[in-house]
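Below: one structure, written as structure tokens.
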Amino acid sequence: MERLCSDGFAFPHYYIKPYHLKRIHRAVLRGNLEKLKYLLLTYYDANKRDRKERTALHLACATGQPEMVHLLVSRRCELNLCDREDRTPLIKAVQLRQEACATLLLQNGADPNITDVFGRTALHYAVYNEDTSMIEKLLSHGTNIEECSKNEYQPLLLAVSRRKVKMVEFLLKKKANVNAIDYLGRSALILAVTLGEKDIVILLLQHNIDVFSRDVYGKLAEDYASEAENRVIFDLIYEYKRKRYEDLPINSNPVSPQKQRAEKATSDDKDSVSNIATEIKEGPISGTVSSQKQPAEKATSDEKDSVSNIATEIKEGQQSGTVSPQKQSAQKVIFKKKVSLLNIATRIMGGGKSGTVSSQKQPASKTASDKTDSALNTATEIKDGLQCGTVSSQKQQALKATTDEEGSVSNIATEIKDGEKSGTVSSQKKPALKATSDEKDSFSNITREKKDGEISRTVSSQKPPALKATSVKEDSVLNIAREKKDGEKSRTVSFEQPPGLKATRDEKDSLLNIARGKKDGEKTRRVSSHKQPSLKATSDKEDSVPNMATETKDEQISGTVSCQKQPALKATSDKKDSVSNIPTEIKDGQQSGTVSSQKQPAWKATSVKKDSVSNIATEIKDGQIRGTVSSQRRPALKTTGDEKDSVSNIAREIKDGEKSGTVSPQKQSAQKVIFKKKVSLLNIATRITGGGKSGTEYPENLRTLKATIENKDSVLNTATKMKEVQTSTPAEQDLEMASEGEQKRLEEYENNQPQVKNQIHSRDDLDDIIQSSQTVSEDGDSLCCNCKNVILLIDQHEMKCKDCVHLLKIKNTFCLWKRLIKLKDNHCEQLRVKIRKLKNKASVLQKRISEKEEIKSQLKHEILELEKELCSLRFAIQQEKKKRRNVEELHQKVREKLRITEEQYRIEADVTKPIKPALKSAEVELKTGGNNSNQVSETDEKEDLLHENRLMQDEIARLRLEKDTIKNQNLEKKYLKDFEIVKRKHEDLQKALKRNGETLAKTIACYSGQLAALTDENTTLRSKLEKQRESRQRLETEMQSYRCRLNAARCDHDQSHSSKRDQELAFQGTVDKCRHLQENLNSHVLILSLQLSKAESKSRVLKTELHYTGEALKEKALVFEHVQSELKQKQSQMKDIEKMYKSGYNTMEKCIEKQERFCQLKKQNMLLQQQLDDARNKADNQEKAILNIQARCDARVQNLQAECRKHRLLLEEDNKMLVNELNHSKEKECQYEKEKAEREVAVRQLQQKRDDVLNKGSATKALLDASSRHCTYLENGMQDSRKKLDQMRSQFQEIQDQLTATIRCTKEMEGDTQKLEVEHVMMRKIIKKQDDQIERLEKILQHSSLMLQVFES
């Protein structure tokens, strides 16, 4: 059971039982080469299989026997046979790491690219085992490094999913595909991001992996990183993208990552409009122009329209060419919706040499409106001179949407006018529109050929667009109009467009209009147009009526124009409208012209069917030359009904010229009401004749005109109905004008041809009906038209149809109608077969999913069991550790005891040295037999002691070795743990450093501007402070000068006092002079005092100013602090805004996920409807699954029984070992007892000796003490041995407990098998219920089919 539930990598070994094998297999398993040689010599089949479909080579490779493999290979054994798991011997050898066997097989030509049941090759298992040498050998022998099944990983993806970094690096070096994807569209980068493997992500980015690849759910690796909140990986991918954009060339003008991230914001709608118009005018020498545009847009809005129009006109150099006003008006009509356009026009004039111009633009715009339009208009006009010119334009557009509606319209209109020599024009357009839901591709290729006499010209136009959408609306229109001829030679233009597109929903509409023809000179040409639409759908019905016929004849030269078109449009939504109208009318004076107008509007009713009408009626005759119409025109010019219920194309026509365009929703609703009878009608009612000569019409043409005249009443009725239903819109007026104009033309033609009416016969009408039925049989919706034609003919001819000829013809028409019904039934049967196949595939996938779920549940159960086993193993390890600790403690005790004994022996030796002479004298005296006995006893004791010492030394050496090994193991474990801890710490520190560096860079970037502003303010303040300091220094210098003066004045004053004394002593008579001098001095002192007061006042003023400046500085510091607080508040506000932004972004993502879930629910509903028919298959499959489950259960029970037996055998062996150990311990105990008895005898002898030698000295007392100590040591050893015996007994009891536990597990497994049987019974009941439901559904389907038959009859 475990083997069946494995993932292919677990349980690689074969589960072998003897009754599975045959003789050759047994010989291989036993390794008996001689028997194998004998069997091979007796012509025994070397490729014989056992009951498990294994060959001898399989077993030899699985068991790793290269000699056996060499022998089998030399006997030409088949190397590529598979076992039950579809595994070859090579796969088995690689899986089990048998490199020698694998190399032998590879050297002898084994195929390494064969896959097993799981879709894996030998390379997958080598990658899983991380066997690099084996991988190199496989690759050298031609292994495909990308080989795998659809549902399996490639080797590189397997290495990534298993987190094998070394193997990823090795495979990348071996040039594995980095951009490989799995069945869910996930690349290696997406897998690595989901697993959170940073190293693998770095490796993949180093090897330039595609970062923009999306999986089935439309998600990028960056999206998964953001969902997982793995900041490191997200930053790595973001930096890689930024570097890629920086490394792009200058002309490419890449979109910056900020813009890309802004495009993913929470805006409801986005508009991306880019219009490029390039006009290149060339001279006599050719020029090359290439324009590329790659816009990338993403929107989460309600509607999104993408319009791309390319109009290229190549005009002659010397001849004049003009564009008709009708064409200009048709090009203007496409842009009736709300479109914002960005026009970029580059014009490059080429002189005498060729030039190359490349323009690339990648706009990304974002708006918050409800409806968005994305228009891409490119118009290139190239004028050629005398020589040939080559123009190539490429356009690549990638638009992504998860919205409700998408429209994609591409209009191509090219006109070619050639001069004297040939020219080649190639235009390519490659738009790619992507949606996050299910998407498909569509391609259309256009080729044209022109032949001119001896000179051949080729015009190739390719258009491979890939349109992908799962939204509600999708418009795809291709309009191509191109025909011009010159000279007197006939030319051929072939126009092909074979696109293949698929539709999986309700309806498809494809409208293609091709019309343009011109005549020159006195020549006419023949125009034959064919249209072959190929539409594929799994919807209810698809109708398409291709009818085009325009022919004109001339006298001298005839030309043919063939136009083939195979459009296929894919839709997965409710409504689709695709309208394109390019009418052209070219009228010349004396020359004849051909006008071809085609209109195929497609209106969709809420019912299942739809109608597709194409009307082409153009025939203009020349004035001077009489033209004829061949009889091949009959099937194209016909009518399909005269009743009032059938509606002509007048109710569906859209005005040509400036009034042509898309249809309004009001008109659509009105037309849905009118066209309830699901009629497809083809009317050709435009015939204009002119000129100077008389022309005659053959009856073939007149019959068709008669039929169209009879349809006049129905046409007028439909026009009046349209008036009543619709409101007054411009589309209504267009329909009324069209119906009135057609009515007038038909009445004029009827008045001019009265005789032709009377010549119409029933035979001709019946021929027309037969031919019309043949043409309409190409499409599936022409049956009701044939029925109505027959009824109308019977109503017209009334009683004239009673003759046998007419009745036979009517019967023939009915037979043809029945044949058509049979053809349609066959087509329906084919579709049913396809649907059944798809349902079978879906049931198989569901089986696989259920099996995988069962495997997952079993794996979880196994994981729990393994965890239990791990717990038990951990407990056993802990017990072993405890045992080792006990052993170490015993070892230490033994060593201590040995040390003590050695010390005692040394003491005894020291004591015995002085006693030796006394002993010698005693020995001389004691020459009796007692002396001999004493000598014998001493020699025996010495031998015993030596033997014990040797045993103890051996045990000590053994214990030391064990201790050293245990210590080394513990140290290694500690070092490994420490190394891992250091590694983790180092990684965490590196991560923290990176994060801190990133945060620092961000904070530096944020605060750099603020710091700059603050530094500016600080510089201004510092300049002011410096000025104030300078002024203060000046004041201080002045104060110092004043102080110097005061000091000088004081000195003068002192000197004056001294002089005064001297003068008083010297000159007593000069008192008057002294007084005078005193007065002078007083006056000077007053002056100086005044100056001092002034200086003090100035110093006070300066102090006040300093105080004021200090206060101003304090105020500025407060202002600075206030500014800092405001900055902090702003930062907090910014953080809050960022949080709000993140929350809004999360809500937007949730809305997108809800929309995706809604789409998925729709798809699931469709799948559930389809699964009703598969119920029977499921029932059968469930029965098979139940049988398989029973087989698996039996195998599981058998495996468990075998495992239990093995476990029992192992336990029995363990018990035997324990018993042997117990016996061994008992023997040791007996030996110890014997030794104890001998020692007791020796002690008694020593006691006797002690009594004899008490008089000789006190040395014997020390010997007795040593012997007593030795005895105590032996007793301790006995106790330790008893403890060991107790431990062994406890282990034996634990083993018995384990046996009982295994027995309980077997009983539980038996209970599980009973539960599975009960579930089997329940499943059978459920299958019976489902069978009843299937029978009810079949009855309902039969009833519905009968009702449908009744309605059809």
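Just so you know, glycine gets a Cβ as well, placed from its N, Cα and C.
Feature annotations, reproduced from Swiss-Prot:
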- 19-48: repeat 'ANK 1' (REPEAT)
- 52-81: repeat 'ANK 2' (REPEAT)
- 85-114: repeat 'ANK 3' (REPEAT)
- 151-180: repeat 'ANK 5' (REPEAT)
- 184-213: repeat 'ANK 6' (REPEAT)
- 249-307: region 'Disordered' (REGION)
- 250-259: compositional bias 'Polar residues' (COMPBIAS)
- 260-272: compositional bias 'Basic and acidic residues' (COMPBIAS)
- 295-306: compositional bias 'Basic and acidic residues' (COMPBIAS)
- 349-607: region 'Disordered' (REGION)
- 355-367: compositional bias 'Polar residues' (COMPBIAS)
- 389-400: compositional bias 'Polar residues' (COMPBIAS)
- 436-455: compositional bias 'Basic and acidic residues' (COMPBIAS)
- 471-491: compositional bias 'Basic and acidic residues' (COMPBIAS)
- 579-600: compositional bias 'Polar residues' (COMPBIAS)
- 731-762: coiled coil (COILED)
- 821-908: coiled coil (COILED)
- 937-1055: coiled coil (COILED)
- 1119-1344: coiled coil (COILED)
Using a Cβ cut-off under 8 Å, which residues of the same chain at least 6 positions beyond either end of the repeat 'ANK 3' (85-114) come close to it? 8, 12-13, 55, 57-58, 60-62, 64-66, 69-70, 73, 79, 120-123, 125-126, 129, 131, 133-134, 137-138, 141-144, 147
Counting by DSSP secondary structure, give me helix, strand and coil numbers for the repeat 'ANK 2' (52-81). 17 helix, 0 strand, 13 coil
Counting only residues 6+ away from its ends, which parts of the chain sit with a Cβ under 8 Å from the repeat 'ANK 6' (184-213)? 156-157, 160-161, 163, 165, 168-169, 172, 178, 219-222, 224-225, 228, 230, 232-233, 236-237, 240-241, 244
By DSSP assignment, list the helix, strand and coil residue numbers for the repeat 'ANK 5' (151-180), in that order. 16 helix, 0 strand, 14 coil
State the residues, same chain only, that lie 6 or more residues beyond the ends of the repeat 'ANK 5' (151-180) and have a CB under 8 A from a CB inside it; answer 'none' if no residue qualifies. 115, 118-120, 123-124, 127-128, 130, 132, 135, 139, 145, 186-188, 191-192, 195, 197, 199-200, 203-204, 207-210, 213, 848
